[in-house]
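Residues or ranges marked as Fe cation binding site in Swiss-Prot (evidence: sequence analysis): 88, 130, 134. Per Swiss-Prot, the feature active site maps to 131; the stated evidence is sequence analysis.
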């Protein structure tokens, strides 16, 4: 496993639509392992492949209940609404108010290329929506209500 460089706002790769994964090769397995290591090292709860410069439809998420690896994910159901502060490893030191669904159901492939579904509420729902936006070339700052504000590492540890 290796740490990968996280691309930041302004990098053209973050504005591109990612390609579907058709098979899990050793390179894809290494990418997933590297993404998890990079996410944990950066104290993030989610990371999408384009954030490390790879235009593949892969996200990793861990909101405190263990890692979730999603290949070719899509949201198939959503409900409710939540508004809260959101940040991004690709927009360091900033956060802003974003409204997202309070509940989502997503379908995805696992590393075994079998199909799975996951249901999430609150933080997990927010994270799934946020990471899937990356796969279509969108950053959360496009959805911010009001202005971005500065955050420090200490703010994120509360």
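Keep in mind that glycine also has a Cβ here, set from the backbone N, Cα and C atoms.
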Identify all same-chain residues not among 88, 130, 134 whose C-beta atom falls within 8 angstroms of the centroid of the Fe cation site's C-beta atoms; report them in sequence order. 46, 48, 51, 89, 90, 131, 133, 139, 140
Whole-number Å distance separating the Cα atoms of residue 131 (active site) and residue 88 (Fe cation binding site) is 9
Note down the number of other Cβ atoms within 10 Å of the Cβ of residue 130 (Fe cation binding site), including every protein chain shown. 23
Tell me the Cβ contacts of residue 134 (Fe cation binding site) under 8 Å, same chain only and six or more apart in sequence, or just say none. 14, 18, 48, 50, 51, 59, 90
For the residue listed as 'active site', just count the other CB atoms lying within 10 A of its CB, please. 24
So for residue 88 (Fe cation binding site), how many other CB atoms are inside 10 Å of its CB? 25
